[in-house]
Amino acid sequence: MRILKLLELVVKVSLFTIALSSVLLAFLIFRATDAKVEIIRGDHPEVYDDSAENEVPTAASIQRKAILETLTNLMLESQTPGTRQIREGESIIPIFAESNTQKTISVSDLPNNCLNASSLKCEIKGVSTYNVYYQVENNGVIYSCVSDSAEGLEKCDNSLNLPKRFSKVPVIPITKLDNKRHFSVGTKFFISESLTQDNYPITYNSYPTNGTVSLQTVKLSGDCKITKSNFANPYTVSITSPEKIMGYLIKKPGENVEHKVISFSGSASITFTEEMLDGEHNLLCGDKSAKIPKTNKRVRDCIIKYSKSIYKQTAGINFSWIRLILIALLIYFPIRWLVNKTTKPLFLWYDLIGLITYPILLLINCLWKYFPFKCSNCGNLCIITHECTKICICNKSKASKEHSSECPILSKETDHGYNKHKWTSMEWFHLIVNTKLSFSLLKFVTEILIGLIILSQMPMSMAQTTQCLSGCFYVPGCPFLVTSKFEKCPEKDQCYCNVKEDKIIESIFGTNIVIEGPNDCIENQNCAAHPSIDNLIKCRLGCEYLDLFRNKPLYNGFSDYTGSSLGLTSVGLYEAKRLRNGIIDSYNRTDKISGMIAGDSLNKNETSIPENILPRQSLIFDSVVDGKYRYMIEQSLLGGGGTIFMLNDKTSETAKKFVIYIKSVGIHYEVSEKYTTAPIQSTHTDFYSTCTGNCDTCRKNQALTGFQDFCITPTSYWGCEEAWCFAINEGATCGFCRNIYDMDKSYRIYSVLKSTIVADVCISGILGGQCSKITEEVPYENALFQADIQADLHNDGITIGELIAHGPDSHIYSGNIANLNDPVKMFGHPQLTHDGVPIFTKKTLEGDDMSWDCAAIGKKSITIKTCGYDTYRFRSGLEQISDIPVSFKDFSSFFLEKAFSLGKLKIVVDLPSDLFKVAPKRPSITSTSLNCNGCLLCGQGLSCILEFFSDLTFSTAISIDACSLSTYQLAVKKGSNKYNITMFCSANPDKKKMTLYPEGNPDISVEVLVNNVIVEEPENIIDQNDEYAHEEQQYNSDSSAWGFWDYIKSPFNFIASYFGSFFDTIRVILLIAFIFLVIYFCSILTTICKGYVKNESYKSRSKIEDDDDSEIKAPMLMKDTMTRRRPPMDFSHLV
């Protein structure tokens, strides 16, 4: 009976279990389950699939609508198995309930999991200078988040390097590699909003959107004005900004200043240190950039303090040398006297110093007898006098040669008494320390220490809103109309603006004020605008701006930012503010805005020719051709070189100056852009799991994206089941992965098409001032001279067809680089567009690219090892071509400067012979024009173009009041003349007259009126009123070591000018020969003088007496008197 009841119970339990399992299995067949995502990044292995069907040549060609899915607990409860669908970029998500009515909610109304990171599982994926990228998991779903605040993220994984707060200084991305080394102030995560196939849901701060995340290099942004410059000690600059917060810093190109940006509000004063005045640093403040001029602080301080005395200026400037001379004199006289007088009272000091330096003293004393120029019995150094002092090395009272045998140090006897003691004994210590040699050394050390103490105490130097009519406004960043009392964005409109065809009506809510005005809107704006604020934006800003307002909202309006320094339009300003909000809408527009540079930090002084360091040469003409003097000039093709030629003729009165300066020499490369590559900073993964079915079943809910997709099947079998899923050998997990690229470290890959040697040559002097590009392919030619390059073979490591990389440091690299669409395992993957969109990657991931795991009962997990190709780590194998940074021109060419000679520059100058003749009459100058553009009292000066017609060929001097000129002499030819002249003026030369003096003759002078002067005072540090800058420059020019060296060689210019390109070499040879000749004659003169003094010849001469007394007095005056050569004269015949 008991057995039957037991069997009955077993059958009932079995039937109940089967029924329950069937119900659960039937329920789970129609219900999908979500899985947890796990992401691992690092130096992971790549597995390449060379099959054609696994490669995506162009990702941009695969267009797909945006997927906008924000999964919440509400949706998971109410969503049916068929509701995971593809949306067409909509921001409204339908929620299907049991009723027939459809409910819609906004994405922004859904719960924000990113803001609840402290209570959810989260992981920090990347930390930039200005924000953080992290991922949050909720109910098995991973959410990507970017935040400008670190609040609430302390408990997240990998939060050790998370700062307590991020800087709020406004920044925008830098997309041009050439500008990164100049303006980079760190990195920031940006969201690229797009409708391409590679987007995914992201939340920036509290604003959900769709797009991709990338890490970009950033620069400062904002309105900043340099209001004052005081380049006298202290060297300060005052800056102001109308924005609530602004950033500035001092940056040297290429320097890492990621965490050195200083924020300020209102105004700030910057004091430059001496290191910042080296001419290599720039001041970056918002949109503005200013080059800090090279200033010798020591020279400038002395010039300012002693501006009325050149002698005091010289003493102050060279005080660093004078103070050393003063210390040397102090050591040699009073300090030495003091040390000699206190040797006995300070015996403990000398014993202490001797104890510290005992090994050195022992070594010197023992090796003293092997030293040259020494006195063996005294131990003193004898170079000049060759005389020994009276004190012996072993402290004998008098010096004697016998002392050498008695002194243990100099003695050669082996059985000396001191040999019984060790070198470390007290006997040897007293002997060594008290020798004359040791004692002199200890006193010298004491003198140096006292001198250093005195030296340390000596001074180092001697010396936009949009208005309806009156009180109703649109403020960027606020979607409602506000009044003039606007403080923060309200929840609804505070006023009303009605734009009609012929008038505009404005009314302020809560008041009885209604204002009417004429319709003065922007014309030809054809777009629909229904709400009041849309009508106002269309009226004042246009349809393009309205489209941005509707589709690209501003989360932070930055109402104080105007973008005036960059000259931004209303649309450009809106886009710049979007960039400040961390959103990139268009790469091309971002590249345009970030490429705008306000200031002179990238400018170079194009007209500056360092004449003070250039050698001078008298130029002799080679021949006369068609009435012209032909000069053949040949110079080494080396950047920074040049020569000042002085042209002269017997018939001319003054020499003509002709300057050739080779500004730079290098190779111009034409290239073809291939792609951009960058490291993978992190990875975003999304996948979906089904209990039954296969990949096709899974893809109905998780559609293919076109690249980097994956699917694993089967995923349901014994030992690998989720709760309430009992399927066997069924199920699938499908999804996709997307990379977050670090564009801050991106490289652009180019293919070399052509290389040409190019020289930038500047000509100044009688031909005016001009700089020209001369290539090895086409000679340069104008009316007066021809230039040609004779190039040597150059091997710079770059060949035609080779792939090169342009790095974020603006340097060029070569090596093993993968070609476009080539999956070879070399540097060059991932392959991207400029804005970080993949253009070649894997279509589907293979099993080796990821790992899949599950539990007996639980959710499945996937680990992504490699999301596409990644070989960026092979960049260490690249070789840097040059130490000089390069700039690309329209991504099609660049110039690589060389620091060595690339050949010869040959110039043929044909000057009319009339230039060397005195003008017979006053020349007729007609059709004159002199137009200038530039700044006053600045380093750039006024760039002027002088044009006129002349009836004569002549040479003329030029001058103008209150201005100094880049050249003071011009070669005028008959007919049309045009010259480029730079003028540095202290006052506006407009409507003044420039005077021409033919052959320097004021009697036949001609005046040319200055027609037009456009003064553009740039707002930077260099172009401020600085009355001492010219004095400093003049002093530096006059005191240049190169200028002094050239002055010494100048007497030999005439002879050396006959040797052409060997001009400078011949001058050095002649100078050395002259020095040896002078030394030879001086040695002869010295020998004669020594003999004269030694023989006392000055005592052998006396006043010549009468002939009658000479015989008597001669023996008393001279020794060895010579006999007379003729007898005395006989006068007897006269008697």
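Backbone N, Cα and C define each Cβ position, glycine as well.
Positions annotated as signal peptide by Swiss-Prot, on the basis of sequence analysis: 1-35. Taken from Swiss-Prot, the feature topological domain 'Lumenal' covers 36-314, 485-1067, and the record attributes it to sequence analysis. According to Swiss-Prot, the disulfide bond annotation covers CYS114-CYS145, CYS122-CYS156, CYS224-CYS285. What Swiss-Prot records for ASN116, ASN210, ASN588, ASN605, ASN980 is N-linked glycosylation site. Marked as region 'Non-covalent dimerization' by Swiss-Prot: 177-195. Look at Swiss-Prot and you will find 315-366, 1068-1088 tagged as transmembrane segment. What Swiss-Prot lists as topological domain 'Cytoplasmic' is 367-484, 1089-1135.
Location within the structure of each feature annotated in Swiss-Prot.
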residue	record	DSSP class
CYS114	disulfide bond	helix
CYS122	disulfide bond	strand
CYS145	disulfide bond	strand
CYS156	disulfide bond	coil
ASN210	N-linked glycosylation site	strand
CYS224	disulfide bond	coil
CYS285	disulfide bond	strand
ASN588	N-linked glycosylation site	helix
ASN980	N-linked glycosylation site	strand
(Q) A 10 Å Cβ contact count, applied to the glycosylation sites ASN588, ASN980: which residue has the minimum? (A) ASN588
Q. Just checking, which of CYS114, CYS145, CYS156, CYS224 (disulfide-bonded residues) has the fewest C-beta atoms within 10 Å of its C-beta?
A. CYS156
**Q.** CYS114 (disulfide bond) versus disulfide-bonded residues CYS122, CYS224, CYS285 - nearest by Cα
**A.** CYS122
Q. 10 Å Cβ neighbour count around CYS122 (disulfide bond)?
A. 26
Q. Taking a Cβ cut-off under 8 Å, which residues six or more beyond the ends of the transmembrane segment (1068-1088) line up next to it in the same chain?
A. 1048-1049, 1052, 1055-1056
Q: For the region 'Non-covalent dimerization' (177-195), find every same-chain residue at least 6 residues outside the stretch whose CB is under 8 Å from a CB in it, and list them.
A: 65-66, 89, 126, 128-133, 146, 171, 202, 204, 209-220, 247, 249, 251, 253-254, 257-259, 261, 282, 284, 289, 552, 579, 582-585, 587, 594-595, 597, 601-602, 740, 742, 744, 746, 748, 806-810, 835-836, 885-888
(Q) I'd like to confirm something. Which of the disulfide-bonded residues, CYS122, CYS224, CYS285, has a Cα closest to the Cα of ASN116 (N-linked glycosylation site)? (A) CYS122
Q) Including all protein chains shown, what's the count of other C-beta atoms within 10 A of the C-beta of ASN210 (N-linked glycosylation site)? A) 21
**Q.** Tally of DSSP helical, extended and coil residues in the region 'Non-covalent dimerization' (177-195)
**A.** 7 helix, 6 strand, 6 coil
Q.
Return the count of C-beta atoms lying within 10 angstroms of the C-beta of ASN116 (N-linked glycosylation site), excluding that atom itself.
A. 14
Q.
I'd like to confirm something. Which of the recorded positions, CYS145, ASN210, CYS285, ASN588, ASN980, has a Cα closest to the Cα of CYS122 (disulfide bond)?
A. CYS145
Q) CYS285 (disulfide bond) to ASN588 (N-linked glycosylation site): how many Å between their Cα atoms? A) 24
Q) For ASN980 (N-linked glycosylation site), which of the recorded positions CYS145, CYS156, ASN210, CYS224, ASN588 has the nearest Cα in space? A) CYS224
Q) Where CYS145 (disulfide bond) and ASN210 (N-linked glycosylation site) are concerned, what is their Cα separation in Å, rounded? A) 11
Q. Between CYS156 (disulfide bond) and ASN210 (N-linked glycosylation site), what is the CA-CA distance rounded to a whole number of Å?
A. 24
Q: Work out how many Å separate CYS224 (disulfide bond) and ASN210 (N-linked glycosylation site) at their Cα atoms, rounded off.
A: 34
Q: Could you measure between ASN588 (N-linked glycosylation site) and ASN210 (N-linked glycosylation site) for me? Cα positions, answer in whole angstrom.
A: 20
